[in-house]
Every structure is written in structure tokens, then in C-alpha cells.
Amino acid sequence: MKLILSTLIVFIHTLLVSALPTKEGSDPNSAKKYLVSDLPGLHENITPDNSIPLMFAGQLEIYPETDTHYFFWKFSDSNPETVTNRTIFWLNGGPGCSSMDGALLETGPFRINSQQQVISNNGSWHKMGDIIYVDQPAGTGFSYSDTYITDLDQVAEYFLKFMEKYYELFPEEIGYEIYFAGESYAGQYIPYIADAILQRNKKLVDGEHKYDLRGVLIGNGWVSPNEQSLSYLPFFKDHGLIDVHHPKWATLLAKHEQCQKIVNKIDSTFDDGVVHYYEVSSSTCEAILTDLLEYTQDTASEKDQRCVNMYDYTLRDSYPSCGMNWPYELVNVGPFLRQEKVMHQLNLINLKKWNECNGRVGRTFQARHSIPAVHLLPELAKEIPVMLFNGANDIICNSQGVLSYLQKLQWNGETGFTNKDNQISWIYDNKEVGYIIWERNISFINIYNSSHMVPYDLPDVSRALIDLITGKYDEKDVDGKKSFVTYPLGSRKESDASADGEENAGSDKVPGDSPSQTIDPMISSSTASSSSVESSLSSSTASADSDSTSSKFTRLIQLAVILVIFWGVYVLYASYKSRPSSIIKKPTNNTSNVTRSSAGKKKNVQWADQLNQFEDDERTQEPNQGIIAKAIGKITGSKDTRGRYAPVQRGNGNEYIDDIELGEGLSDPNVDEFIIGSDDDEEQGQAHSGAATHNQKQKPMN
């Protein structure tokens with residue numbers, strides 16, 4: 001009888017499931033397929049419900065022939081005060097580091113607590129426009145492919161293909177104003193992508209739409225590698241981290257002079273348009289930071305306080321981690337994203353184990369045939385605003401290095417800033433938070449009390465960068481100094497806004513003096529009749545309405561089927577109870593024992609994705625790397641691989657799990673490649689991998 005009842009229950013369930021209408025978004029081209037409706041802690045910690053952003057996420061196929069999928073996570077304000085048809089693409093660096101750092105540690109609406117639940121980030125950029133975090137190049141984060149790319153022109157090519165596929169999902173957004181933002185090695189990615197978009201816009205064919213690129217924002221960017229490294233010794237000296245009486249000063253000064261010779265050589269051939277090995281190879285200059293971190297150890301301090309944090313000189317860390325155990329909340333992000341339920345909630349089709357950085361991606365991506373992105377800035381500045389913002393406490397991509405390469409750069413008819421001492425105070429929420437130099441469509445913004453990751457330290461201040469680049473600020477005289485004044489979200493005074501409107505005759509200000517050919521970054525409040533929330537789902541609304549009648553009819557059929565089945569069950573049960581009791585015999589002891597023994601046996605069943613995870617966990621890692629082994633992602637290599645692709649290995653060595661953006665290994669001067677440390681907590685047995693991997697040394701790329 002139990003078997004009959006079980007069979008009937010399964011039959012009922014099968015009928016119900018088969019009678020249900022197709023799940024919304026089952027069409028691979030439907031945006032609803034990528035809708036994210038739940039996450040751990042979402043409805044408990046993010047209140048009220050109308051403050052929960054509209055989210056889409058998933059692994060979007062861009063090149064089926066190589067099984068290349070880019071993971072994206074999009075956030076839109078579900079309750080916007082004003083409709084702004086604006087899209088912000090955010091990229092982290094590495095190369096090979098996931099943009100989920102940006103989403104969950106910096107500019108996204110969530111942070112992750114120690115219970116691996118989402119909590120609010122009140123400085124989220126999604127209040128300023130739709131923001132999309134993309135794991136790229138392929139192999140980074142949740143993105144995957146059969147091949148890895150090697151050069152910056154490929155980064156641009158792949159990202160434009162991603163944009164093409166993205167706008168197929170969200171066609172109503174193709175006319176939105178576009179901004180790119182990111183940090184660190186994204187200082188190489190973003191200029192290349194922006195340049196490719198501008199070139200594409202000049203060669204549109206029938207049926208193609210212009211991408212309305214309005215500006216780029218690069219935070220603590222690795223834009224001019226050798227020039228940046230030349231700033232390390234002056235930075236340490238200026239901030240009291242070393243002085244001329246240090247016993248290693250002469251050694252450091254000699255290396256600094258070697259780096260200066262390389263930079264001089266780069267300067268002499270800067271405009272010839274040729275990729276020179278001495279410019280794309282930066283190991284000599286980067287070795288200065290390695291030595292500085294070693295020589296300035298405070299061996300008398302506690303073990304975890306001996307080394308300067310290279311991402312924030314005001315902090316300390318163990319040696320040789322020197323900042324790899326930071327940011328501290330990173331230990332929550334990995335376990336959160338590795339939860340299988342979270343992977344399903346993010347609509348993953350490949351349940352790939354997330355790691356902050358993938359060393360194989362970084363080592364394959366050598367950029368040997370790509371001129372550093374600093375060469376692209378002048379052309380970009382002819383058409384769009386270029387904003388370079390820096391946390392003042394950062395060492396590895398410090399402000400001195402940025403100003404140094406800008407002062408040599410020629411753009412829009414002049415060299416450098418004509419008066420870099422003419423600094424504009426930046427006032428946010430009645431406090432001076434930094435200073436601005438803005439001329440001819442390139443701006444430099446130095447932000448006080450912040451690190452390599454400005455939005456991590458000052459999320460609300462960083463969000464106001466969007467106000468600066470879009471002209472949503474007030475110019476005032478504060479304490480006798482020219483100041484740009486921005487405000488917390490929604491608190492800009494009506495009188496100030498009105499005065500600003502009169503002064504600018506209805507248009508937004510453009511900071512600095514833009515050339516005549518510059519596209520002004522005018523981002524006005526849209527008068528569109530629907531919000532981005534509504535438009536994101538508009539493509540599916542019609543089909544949902546057309547299905548409403550059939551859905552009601554289907555439910556009636558379901559109800560009828562259920563009633564018939566329950567009636568049948570009742571008849572069987574009544575027939576069973578009416579049988580003579582003498583027919584029903586108790587089993588013998590032997591039979592009972594056999595039955596119990598048989599019933600007590602259970603099959604050990606594992607899901608396929610569990611087996612995949614076990615295979616991932618059993619993969620061995622490469623030998624440990626050199627001293628910083630995690631600090632600056634170098635754009636180097638030895639083999640001519642332009643336009644070629646590196647196949648992804650299967651089995652052992654498929655995934656190289658690594659740590660923070662901008663890793664480097666400089667222990668061997670003959671080795672010139674990207675090196676970073678492991679971030680896989682489970683495989684390395686560390687709460688955070690930086691301290692576990694400082695002795696790793698990378699083999700040269702073949």
C-alpha cells in the first residue's frame with residue numbers, strides 16, 4: 001500500500017510540474033533568465049524592501065566557439081528619486097582579479113558580514129546609475145573559457161563583444177550614457193576599451209547603434225608602470241618611512257637611478273608608436289618597492305605589525321605580506337560566493353569555484369605587444385573627460401607617480417597641467433576631502449584619508465565622483481579658496497541647484513577648460529516616462545500578459561486533475577480498509593530482520609557539481625612564489641603571442657588561485673612576469689592567503 005501511495009504522490013507531482021507554464025526567462029535571450037531575486041540576508045538585512053536593488057547576474061556567452069562566458073552582476077536602483085539613463089561598467093584589475101571585489105567591498109550596494117550575508121553599503125554607486133560589474137578577462141572570477149587572452153587589444157575586442165551581447169539582453173539601454181570606472185590594473189583595461197568604443201562609433205554600419213561613452217574614472221590606476229615605480233623611493237622618504245641615513249639608502253638609490261635611466265629611454269621614444277621591450281618590462285623598477293618593504297621592517301614590533309601596508313602606508317601587516325591580509329572583510333567575500341546556493345541565485349550555468357584572483361590568467365596575460373595605456377590618454381581626452389582619482393595613502397599606485405607621468409604628457413595642445421599648484425578644494429558634506437587639478441579634459445583628484453581602494457574607505461565620498469565628472473556640483477569660494485562642492489545623495493540645496501541652473505543656462509558644468517571638440521559630459525535628469533527598473537523588464541511584459549489567460553486555464557486543469565487523483569486515492573484506500581483482517585498477516589521475525597536490514601542500507605549519492613568541486617579541491621597548486629609575489633601585475637612575457645590564445649589546461653593546473661590585485665614577484669631579476677599569491681582559503685588553509693604564499697616563485701612563461 002505504501003508503494004501505491006508513493007507512486008501516486010510522485011505521479012501527482014509530475015502532473016503538476018508538467019502542467020506548469022514555462023519559467024519566465026527560459027529563453028536564453030531573455031533578461032529575466034538573469035534576474036536575481038534572493039541572496040543570504042537580503043530580505044532580513046536590507047530594509048525596507050523597496051531599497052533592495054533590481055539585480056541581474058549570470059555567465060553571458062560571448063564566444064561559443066571557445067566556450068567563453070563573461071560573468072556580470074548588474075544593480076539598478078529600484079526606487080530612484082530621479083531617472084538617470086546612465087550605465088556604469090566597473091572593472092577591477094590584476095590582471096585576473098574579480099570585479100566582485102568592487103561589487104562587495106567597494107562601490108556595490110552590499111558588503112558581506114561574518115555570517116556570509118549581505119548588508120547595506122550606504123555609499124553604493126547604483127544610486128547614480130545602473131552599475132555592472134564584469135569578471136574579465138575570461139578565467140577571472142566566475143567567467144570561464146577554453147582559452148585565455150594575452151594582450152590589451154584583445155581585452156577591448158572581447159569587452160565590445162560582451163557589450164553587444166549585453167545590449168541584446170537589455171536593448172532599451174543601448175542609448176544610455178556610458179561611463180567606465182575601475183581601479184589598479186583596470187588603468188590598463190579601461191583606456192583600451194574606451195578607445196575601442198570611440199573607434200567603433202566612427203565606423204558604424206547599418207543596424208549598429210552608437211555607444212554613448214561619456215567619460216572614464218580610474219582609481220589608483222596602473223597606467224604608466226615604470227614611471228609609477230620611479231615614485232616609490234621619494235614616497236617613502238617624503239612620508240618618513242625611510243631617510244638618507246638608512247644603511248641601505250645607497251643600495252636603494254642605485255636601483256632608483258637604474259630605473260630613472262629606463263624611464264628616460266622611454267621618454268625619448270614615447271611618440272614613435274612602437275612597443276619597446278624596456279617599456280613593457282618593468283621588473284627593474286618594481287624591484288625598488290620589494291627592497292623598500294624588506295629594508296623598512298620593524299622587527300621590534302609584533303609579528304603582524306612589522307611591514308608597511310603597500311596599499312595604505314598608515315597601516316601595518318606581517319612581513320612579507322605587507323598588505324596582502326587587507327582589506328580585512330575579504331575573508332567574508334570568498335566563502336559567500338563559494339556557497340552553492342549563492343551560485344544558483346546568481347544564475348551560474350558553470351558552478352565554478354570563485355577566487356579573488358586567477359594566477360594563470362595573470363601569467364598568460366603578458367601584454368608584450370601592447371603599449372602602456374598612458375599613450376592612449378591624449379586621444380581619449382579629445383573626446384571624453386578622463387578622471388584619475390587617487391587615495392592619498394596608497395604606495396603601489398601613489399599620487400606622486402600619477403602626477404609625474406601627467407606632467408610629461410602632451411594633450412589638447414599643452415604639456416601637463418599648466419599650473420599643477422592651482423589646486424581646487426573638493427568639499428563633500430561640508431568637509432574638505434581632497435583637491436582637484438582639472439585642465440583640458442583630464443583631471444587628477446587626490447582624496448585624503450583613503451587607500452588603494454578609495455570606495456572601500458570612503459564609499460559615499462567616492463560616489464560623489466560621479467557628480468564631479470557629470471558637472472553636478474557647485475563652485476564656491478570656501479575660506480578664500482576656489483572649491484567644488486558636492487553633497488550627500490539627495491541633499492543638494494534647492495537654492496544652490498537653482499543658482500547653478502541660472503549660471504549655466506540650463507546645462508551642467510564641465511570642470512576645467514574643455515577643448516572645442518570635446519563631448520561635454522552633460523548628464524541631465526531624464527524625462528523618460530519609465531524607470532530603469534521598468535525598462536529592464538519591459539521586453540518580457542508583453543509575453544507575460546499574453547500568457548495570463550492560458551495560465552488561468554492551466555490552473556483549472558491542474559485543480560481538476562488533483563481532485564480526480566485524490567478521489568482515486570480515496571477509493572483505493574477505502575477498498576484496502578474493507579478487506580478481511582485475516583488476510584493481513586504480520587511478517588515473521590526473519591522477514592522483518594531482512595526487511596529492516598535491507599531498508600537500513602542507503603546509497604551514497606553525490607551531485608555532479610559536488611564531484612566537480614571535489615575535483616577542484618584536489619588540484620595541486622604551483623610552487624610558492626617570490627617575496628612580494630603579489631604586488632604589481634606586470635605586463636610582460638617572452639614569446640610572440642600577439643593575437644594568439646593560450647589554451648586552458650584541464651586536470652591538474654587548471655586553476656591557479658591567487659590573491660589581491662597587482663601582484664608581482666621580483667626575487668629573480670631574470671624572471672619578468674605576473675606573480676600573485678593564493679587567495680583560496682580552503683586550499684591554502686588560511687583565513688586570507690597573503691601570508692601563506694609569500695615564498696612562491698613563478699616559472700617563466702614559455
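The backbone N, Cα and C atoms fix where each Cβ goes, and this holds for glycine too.
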**Message:** Quick check on the record annotations: which of N45, N85 is tagged N-linked glycosylation site by Swiss-Prot?
**Reply:** N85
**Request:** Work out the three-state DSSP category of N85 (N-linked glycosylation site).
**Result:** coil
**Request:** Look up H452 (active site) in the DSSP assignment and reduce it to helix, strand or coil.
**Result:** coil
**Asked** What's the CA-CA gap between N449 (N-linked glycosylation site) and N441 (N-linked glycosylation site) in angstrom, rounded?
**Response** 26
**Message:** Quick check: of the active-site residues listed here (S184, D394, H452), which one has the Cα closest to that of N122 (N-linked glycosylation site)?
**Reply:** H452
**Prompt:** Rounded to an integer, what is the Cα-Cα distance in Å between H452 (active site) and D394 (active site)?
**Reply:** 5
**Message:** Need one number: mean pLDDT over the topological domain 'Cytoplasmic' (577-702).
**Reply:** 39
